[in-house]
């Protein structure tokens, strides 16, 4: 049976692993990986709009790994539309890179669950094999953080080097050309970053579990001493 200190530290580590899983699932399922502003270039060219009038042709866009949405303003009012990455839009993107993002994040979820199970095991029992103890936990958390980081890096490469936002914005636009004025990473992306940070926090808790706290000393009651004079009386 592990000591109280180990049970506390591994329980906190278990909560952090669970938090990592929740963050990754939230990142995968939400639509706010990127937000941006889009300019209807065709509408601007038709009316020869000047700088003060450009605001009437600027819309917005947001998307995640599976779906998103955009608001297009081309002089005909606001036109909102839903964006679905699968099954057709992904064919116009760098599909292999997009699938790698999803695959890496799913692998990160899997190894985070493995780490969670090992944390719970160490909170309840003292493992006989080192792979089930501290070394195993360091390994599983490192792998989970690595796959999470690879997924985020692949997504950054798609956004910055493969013009992901521009391709998503102009999908099925037959008459209008949309120009991306700016795009920034939103909170869904940072959920993935938070998941990576939690795995380093788990490693910190595992390291803290190896600290041996001093045991409180219990003073034994002093035995009364009997002298020769006491015996005379």
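Using the three backbone atoms N, Cα and C, a Cβ is placed for every residue, glycine included.
Annotations in TrEMBL come from automatic prediction, not curation.
Pulled from TrEMBL:
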TRANSMEM  97-121  transmembrane segment
TRANSMEM  137-159  transmembrane segment
TRANSMEM  187-208  transmembrane segment
Check your understanding: Can you name the far-off residues of the same chain, 6+ from the ends of the transmembrane segment (97-121), with a Cβ under 8 Å from a Cβ of it?
Key -> 10-11, 13-14, 17-18, 20-21, 24-25, 27-28, 65, 85, 90, 127, 132, 136-137, 140-141, 143-145, 147-148, 150-152, 154-155, 157-158, 162, 192, 195, 199, 202
**Study point:** Beyond the flanks of the transmembrane segment (137-159) by 6 or more, those residues with Cβ under 8 Å of it
**Key:** 13, 17, 20, 24, 33-34, 65, 93-94, 97-98, 100-105, 107-108, 111-112, 114-115, 118-119, 122, 131, 165, 183, 185, 189, 192-193, 195-196, 199-200, 202-203, 206
